[in-house]
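Heads up, the thing below is written out as C-alpha cells.
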Amino acid sequence: MLLKVENLSVSYGRIPALTGLDFHIDEGEIVSIIGANGAGKSTTLRAISRMVKVEPGSKMTFMDKDLLKYPPDKVVSQLGITHVPEGRGIFGNLTVKENLHLSAFARKDAAEVKKDISRVFDIFPRLKERYTQKSGTLSGGEQQMLAIGRAFISGRKIMLLDEPSMGLAPLLMQNVFKALKEINKEGAAILLVEQNARLALQFASRAYVLETGSLVMEGDSKKLLEDPEVKKAYLGG
Amino acid sequence: MTVFFQSLVNALQWGSFYALIALGYSMVYGVLMLFNFAHGDVFMVGAYISFIVATALTALAAAGTIAIPGWVVLLLTIVCAMMLNAIVGIIIERVGYRPLREAPRASAAITGLMIGIILETGVLAIMGAQRAKFPSLIQSVTYDVGGVFITNKKIMIVLVSIVLMLALDQFVKKTKWGMAMRAMAFDYTVVPLMGVPANVIAALTFAIGSGLAASAGCLFGVAYPVLDPYMGIVFGWKAFVAAILGGRGSILGATLAGFLLGFIEIFVALIFPSTMRDFIAYSIILLILTFRPHGFFGEPHSARLRL
Ligand SMILES: Nc1ncnc2c1ncn2[C@@H]1O[C@H](COP(=O)(O)OP(=O)(O)OP(=O)(O)O)[C@@H](O)[C@H]1O
Ligand SMILES: [Mg+2]
C-alpha cells in the first residue's frame, strides 16, 4: 500500500471540513475522489501535502512512514508526493524555465533534472516554445501543463491533482489526461480530485465519493459510473 | 554649479545609507508581506557590531608585529559585521516573527516595535549610555575636483554600496535561492509544494536584509564616527518610506528611492533652513505617493499573501 489514510479530520477554525476519512492508494494506482462543491476534496489533498493542520487522531502513512512527521517541503522532496493545487499555483512573476527549475529546488541530481525537463517538453511541447516567457502570460491550459510539468519534476511517487480539467477546452483536456496516463505508466500513482465526475470515473480505476466531509461510497470506478445513486447525484441523471 | 555638484556628492553618500537600509525593509516586505519595524534598530545593531569588530581588529593590528593596512581592516569589518548581523536577523525572524505567521498582521507590526525597543535598550545596557566612538580605519583624503571636494571615504561608501546592490540584484535574479524568494513574494502558500523549505527562505531574507543594514551601519560609522543606541529610529522610518516609495519588494525601486530621499533632503537643505529640511522633504515625498500610491515599481497587488 502506497498511501494509507485513517480517520482523517480537518477543521477550519471551529468548522469541520473533513470528519474521519479512511482511504488508501496502491502503488501505481489511479484513484479519484468525486464530490460536490465544498465537499472537502481540496482539503483532503491539502491534508496529505501538509498544507493544513489535521485534527488529533488522524493518521497518514506513506510507504510505511508516518506522513505527519514530515514538514510540507519534505513531503515533496523526501517522500515524492506532489500536489498540483486548485488554481494551478503558477508563479506568474517567474518564467516557465524558472518555474520548472524551482520545482527541482531540493534535487541534487542535476543531470537527471535536465532529463526530466526534456521529458516534460516531450509531453508538453508547447512549454518548450514558451520556455523564456513569463508564466503569468501563459494561457490557462498552458499554465495547467506547466503545473503538471512542475509536479513531474519535483518528485513523482504520487501526484495529487486538484481539478486539472478546470478551464480547459475539450481537446486540450484530452491531451492533458493522455499525458497524465503516460506519467502514470512511468510509475506515478495519481489521486485525482474532480467535480467533473464522469471524466474522473473514466480516468481512474477506483474512486471514492465525498459528501460534506465524509466518504459515503467507494469502489471500482466503472461500477460507480453505472451506480444509480452516483448517476443521479453526479452524472446528471 | 560647484554647489550643485558638492550637494550631489553628499546626496549620493546619504542615498547609499538609505538605499542599503531600504533594501532590507523592501525584501522582507516583498517576500513575507511583513513590515519589520525593528529594521532601523537592526541597522543600529549593525553599526555597533561594526564598532566592536573594528575596535577589536585595530587593537589586534596594533598588538601584532605586521601592520595590517586600514582598508583591509575596514573590509574585514564590513564582512564580519554583515555576517554577525545576519545572525541577528535570523534570530529576530525565528523568535519574533515566525510564531506569528498565522496571527493578524497588526500583531506582527507591534512585535516589530517591541523588538526595536528591546534592541535599543539592550545595546544601551551592554554598551552604556556614552556614545561609542568609531575607530578611524582609513586616513581621510580630500580631492579637489574643480572646486568640488570629494573625500576618499565618500567614494568608498558609494562604491561599496553599489557593489552590494549589484550583488544582491544578481543573487535574486540568478540563484535558485533568489528564485525561491521571488516565488515566495508571488504566492507564499505554493512554495512548499515545490519542495522549497519556506522557513529557510524566510530566514535567508532576514539574513540578507540585516547584513545589508550592517554594511550601512559600518559605512555610516566610517563617515560619522559617533554612534548611539537610538540612531536607528529616524533612519528606520526614512528607509521605510524609501521602501514604500520604491514599490513592494522591488530592489531597483528601493535603491532608487533611497537615493532620491538623499537627493531631496540634501537639496532641500540647500535652499531652505536646515530646521525645515525634513518637513519639506517628506511633504514632497507624500505628494509623490499620492500620485503613485504603489510606489515606482510596485504593482497594484492583491494582499492575498501572508507571511
Ligand atoms: N481556508 C479556509 N477557511 C475556512 N473554510 C474553508 C477554507 N477552505 C475551505 N473551507 C471550507 O471547507 C469546506 C471544504 O472546502 P474544499 O475547498 O475542500 O471543498 P472542495 O470539495 O474542494 O470544493 P470545490 O469543488 O468547490 O473546489 C468548505 O465548506 C469550505 O467553505
Ligand atoms: Mg476544491
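Just so it is clear, glycine is given a Cβ too, placed from its N, Cα and C backbone atoms.
Note that TrEMBL annotation is computational and uncurated.
According to TrEMBL, the feature transmembrane segment maps to B:12-35 (among others).
Look at TrEMBL and you will find B:42-62 (among others) tagged as transmembrane segment.
Per TrEMBL, transmembrane segment is recorded for B:68-92 (among others). Taking Cβ pairs closer than 8 Å, the transmembrane segment (B:68-92) reaches residues 24, 36, 38, 42, 45-46, 49-50, 53-54, 57-58, 61, 115, 137-139, 156, 160, 203, 206-215, 217-219, 222 in its own chain, all 6 or more past its ends.
As annotated by TrEMBL, transmembrane segment applies to B:104-127 (among others).
If you look up TrEMBL, you'll see B:155-172 (among others) marked as transmembrane segment.
The transmembrane segment feature in TrEMBL is assigned to B:193-224 (among others).
Within the same chain, residues 3, 7-8, 10-23, 25-26, 165, 238-239, 241-243, 245-246, 280-281, 284-285, 295-296 sit at least 6 positions outside the transmembrane segment (B:254-273) and bring their C-beta atoms closer than 8 Å to a C-beta of that stretch. The transmembrane segment annotation in TrEMBL covers B:254-273 (among others).
Through the fold, the transmembrane segment (B:279-297) approaches residues 241, 244-248, 250, 252-253, 256-257, 261, 264-265, 268, 272 of its own chain, all at least 6 residues removed from its boundaries and within a Cβ separation under 8 Å. According to TrEMBL, the transmembrane segment annotation covers B:279-297 (among others).
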What else in the chain is close to the transmembrane segment (B:155-172), if you only count residues 6 or more beyond its ends and a Cβ gap under 8 Å?
12-13, 16, 19-20, 23, 74, 78, 138, 178, 181-182, 208, 212, 215-216, 219, 222-223, 251-252, 255
